[in-house]
């Protein structure tokens, strides 16, 4: 009932534009002529589906036939020329790989040299603080190792002298 007060979808769009929608279609089907309408619609759907499916089936079969023909023609050529083509392809792949890697290593080297230059001139590039702290840690560890070596060296040589004194100064070999 509320639809009649505000108007239906058909009243807003206009009945002339879509004559077989909503209540009109329901009345048409109830009059007995609607079964013909739905059957013709089903036939149209089926015809469209058969046409689309058939054309796709034809296209896929043409693609398959084209692929088989291309392989039939290309396989003997590939077999005949494989002693030439395979080494040539390997050579080309190695050349491309070599040029790309040398270019990448060159860019990396330029970047490293630029960073070292900035660091040496005192510009403090990114990461230099980490390098300085690592250098300080390494220096302190090296100093600790040197001190321990001197301590154990003195202890070791001092220990032999103590043993020699207890034996009366005689060295045994």
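Every residue, even glycine, has its Cβ placed from backbone N, Cα and C.
Record note: among 33-53, 54-74, 54-74 is the stretch given as transmembrane segment by Swiss-Prot. For the region 'Hydrophobic' (46-117), residue counts in helix, strand and coil come to 72 helix, 0 strand, 0 coil, using DSSP.
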